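Everything on this sheet refers to the single structure shown next.
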């Protein structure tokens, strides 16, 4: 055959340590049909400060692969919620081969066509809280690339027609494909008139959706005469691939004929006539509820599965053993993103007769529905059992309904088909099933009622069980409970939902309480963070006593909003919000920065130098509001205003020192008992905030931060001199002149103005 190579790539993305599925990076690929091999080239490199991160530590990277929907991963080995089915996926761990770059390769032979999803993440870290911009962070970037090789012009087999083939000595195999329409109960592939040097030295392999592999359904034509390979309950609306392969060591030419027979569900004793498939391939009804309707129409054969349409909501029939049962459709009602309800006609109560199953179909749209959770709920009406020991079994299968011909069978699996089993009875009348990130397409639910006896389950007589059936699609499992938040995430044009847990809870639905915070711990942490702000009361009293009324108002503002912000910011259930979270956070950050600003400006004593010092207070409030609106967690939001205010204070103190030719403040007591302790306390608070704080110790480290910052303000806030008391008005000389008044107390910068009397010297 002729091979065509396609190449796909995605832009590099920064990986994050794993905390929940919301912290992973998801990549979406589409593999075309007839692909024989897919190769993922996984490129990972480090960056630090815009350059290669040679000094960054090596951290392993885990990549998950899954076809049809995103992977349901559990690297922390947490517990899943009850009644949750966990689909499998491939996993690969990348190790570093170079200081700043590594590459991994993942090959898939004959991959399933359609959507493929890759999920990547770093290992879980210690949860350190770092200040944004404090140092250059190590970034781990991941870029997947996909190379596929597909066959073109694969020979198509038509049901009922014979295709002749002569395999030359240099050829090892021949590949065919046949399209299986809906409501097909059996696919029979047969090799006829096989002639070779050693009888019929051929292997016959069949596989759905993709070319066969070495472990696909196989038949040795040497040992079986006739060479027939049957597939019961094939997937509907898919291609089936037939591979005829020579035995190793066969050198001569081998000629043979290959034919395919498709058994129609409504006519199990007849095969589909050549070029005349039944009307089910065009989604026409076979019957309207009767168990043997044979109203058929004819239509041309499909040339591609893309030409087919989804079944219309009209009951059709399903073959089970020697009978056909109606398949009841569901009505799709979209309420919101990943919020879809599937209603049953004449439901939601369903009657399950004793002699036949009740079959329903749920259609999930491609791509759109695979990012949520498929929920199924069965509730048995015990009063309808009439005292009989009846159990209703349900089988949920993807692609084709599964109903066994054996009435006593309670399995939902075959050699090529796997499903999910549900059961309800008089003792356990409720059964649930949750499938996170389900595969799209058609899901079939088959309900059967059986009676329990001493010898096992047997068919019931004259008892029709009534079951309440509910099927719906939701973003997350139980909306992540009270200790989680359901987040709607997007990668390029693909949407998916995931839970983000809090207060130590983990798991896919935030139901794993192995590391959960107790109610007492949550209450204690909330009280610590809130009541530690009471430490601002002494600075407020000192400011009022020293007539710093504006500074006192800022400290009261900070104390109030910091208290209620932390009361609203708690991860557990001990939460109290008086305003919107965003408003409380903005006011808390603004109050904290304004407290630093007004304290340092007050220490500069600008009033004698700048008559309108209040301009600086107003300017600082406007600039800080702008900076917080741009980035609330940036390092320069704290350092910028602080350094600017310290610069103003340094200029003011230097000017006084030069003018007076003496260090300012001049008293050693001011330095020893106020400035140095206050500066040391503030520095300790900054070090704790920047380098010690983590998610585990946040509650008490941040409370200590509140205490230290408020304590440092009490030490650093300068005393304000009392207004100078003049002895009396001095006589003014007539004519021109000037009067210069100097407050000696303020110039000396004494701590307590009451220690010495104030003398004003006025000269003219």
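Cβ atoms here come from the backbone N, Cα and C positions, even for glycine.
For the ranges 609-628, 729-748, the feature annotated in TrEMBL as transmembrane segment maps to 609-628. The feature transmembrane segment, as given by TrEMBL for the ranges 478-497, 698-717, sits at 698-717. Here the transmembrane segment (671-692) has long-range neighbours at 130-131, 134, 665, 701-702, 704-705, 708-709, 711-716, 751, meaning same-chain residues at least 6 beyond its ends whose C-beta is under 8 angstroms from one of its own. Outside the transmembrane segment (516-536) by six or more residues, the chain places 483, 503-505, 555-556, 558-559, 562-564, 566-567, 570-575, 699-700, 702-704, 706-707, 710-711, 713 with a CB less than 8 A from a CB of the stretch. Residues of the same chain lying 6 or more positions beyond the ends of the transmembrane segment (548-567) and with a Cβ under 8 Å from any Cβ of it are 526, 529-530, 533-534, 536-537, 539-540, 575-579, 584-585, 587-588, 591-592, 594-595, 598-599, 602, 614, 617, 702, 706, 713, 717, 720. For the domain 'EGF-like' (499-510), residue counts in helix, strand and coil come to 0 helix, 4 strand, 8 coil, using DSSP.
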